[in-house]
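Asks: Annotated domain 'G-protein coupled receptors family 1 profile' per TrEMBL: 56-333, in sequence order. Positions annotated as region 'Disordered' by TrEMBL: 362-381. The transmembrane segment annotation in TrEMBL covers 41-63, 75-96, 116-147, 168-186, 221-247, 278-300, 320-340.
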Amino acid sequence: MEDSYHEMAMDSKENGGDEVHMDPAKLSHGLLAFHLWFQGVHGYASIVVCVFGITTNFFNITILMRKDMRTPTNFLLMWLAVADVLTMLPYIPFVANFYCPPSTPYDAPERFTYGWVMYMLLMVNFVATTHTISIWIGVSLAAFRFIQMKSTSRGPLAKERRMKQVKAITVIVYVLSALVLIPNYMTNELQPMPMGNVTVYSLKDLKLATNETENIVLANVITYAVVAKLIPCFLILIFSGSLVYHLSVKGRSRRRRLATSSCSKTSKHARQATTTRMLLVVIILFIITELPQGVLILLSANVPGFYDNVYNLLGDLMDFIALLNNAINFVLYCIMSQQFRSRFVQMYLRRRGMHLKSISESTMSEKMSLREPPTRTTGAE
């Protein structure tokens, strides 16, 4: 996904814009074998994950936007689902063209036309933005949940104030994620490559035309790794650690106080603890997915040969893990949230069952109405 952008930039940086030819003698045979195997299944597996993720995130959006589910936390989760859908939608045509099956300009030049490579350029920039939005909403979730648990403000006015805050946070995250990545958007252009009677296209880095601007490209790569990967993961670690401490240490004294409280208060705090644990799983998955990518991008930018020997061989795997992270939240919500599970059953399973029942009853009544009435016989004929 967004790693494709940095793969292309690092290719240009280390090879002057020419095609990368990996030297098998310098590569880890295990990584190379895995890369070649996974490249063959990456496209098909990614399409399955994307279709599943788009469908389940549609469920997330429609359930979380219900009036009875409207809370500040659910508002952030809803816009996280929107960002995940926007990440996966454009990825399907990309992998379908370039990975099903894997191809190069030499064996399938029709897949590297101007239109398809332009789509690749737009896709990697767009997906880099939506993925950055996702991880910063994850940071916002962790921070907001921690502040909410520490706050003593309760009631409708406090909830309304928090809703205004999360709406402002969401707008800021979406806008700033796009603005911060503007230097990356302007780094590539299409480059024609004549191959006999056919002209294919690839991406060429604009800022690598001269040696003086090499440092700018390197700075862009490092900025992306720090701003979109390492800093969010660091903040998530801080806030998730604070949440774990609050749940474990502070929760003991709260449970002792609630032992003498009413059943309704005990049930309310139990639901809050369950929600916090669910959010912890969601944001910890961001760390597992994003932190290794950030470290590998930094190593690729600073360690000679690391990109070709390690990063490039793991790029497809990292993209696939990121897609899994985009698609798995629905499963977590259903497992860990009884309220979400109930709303899903109510909206999509029971309603469908009632619809099928009404169709069945309607069909039966039509059959009864079309049935000929029995012929009466009289004594005289």
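One is the number of the first residue shown, and numbering goes on along the chain from there.
Each Cβ is built from the backbone N, Cα and C atoms, and glycine gets one as well.
A quick note: this is a predicted structure, and the numbers were derived from the prediction, not measured.
What's the neighbourhood like for each of these?
Replies: Distant neighbours of the transmembrane segment (75-96): 1, 42-43, 46-47, 49-51, 53-54, 57-58, 60-61, 64-65, 119-120, 122-123, 126-127, 130-131, 133-134, 137-138, 140-141, 144, 163, 166-167, 169-170, 174, 282, 323, 326-327, 329, 333; these residues of the same chain sit at least 6 beyond its ends, with a Cβ under 8 Å from one of its Cβ atoms.
Residues of the same chain lying 6 or more positions beyond the ends of the transmembrane segment (278-300) and with a Cβ under 8 Å from any Cβ of it are 3, 6, 10, 73, 77, 134-135, 138-139, 141-142, 145, 221-222, 224-226, 228-230, 232-233, 236-237, 239-240, 243-244, 306-307, 310-311, 314, 318, 321-322, 325, 328-329, 332-333, 336-337.
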Asks: So are the transmembrane segment (320-340) and the transmembrane segment (168-186) touching or not, going by 3+ C-beta pairs under 8 A with a sequence gap of 6 or more?
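Replies: Not in contact, no.
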Asks: Looking at 41-63, 116-147, 168-186, which one has the highest count of Cβ pairs under 8 angstroms to the transmembrane segment (221-247)?
Replies: 116-147
Asks: Should anything in the same chain at least six residues away from the transmembrane segment (41-63) have a Cβ under 8 Å from its Cβ atoms, list it; otherwise answer none.
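Replies: Contacts of the transmembrane segment (41-63) (Cβ under 8 Å, skipping residues fewer than 6 from its ends): 69, 77-78, 81-82, 84-85, 88-89, 91-92, 95-96, 98-102, 316, 319-320, 323-324, 326-331, 333, 340, 343-344, 347-348.
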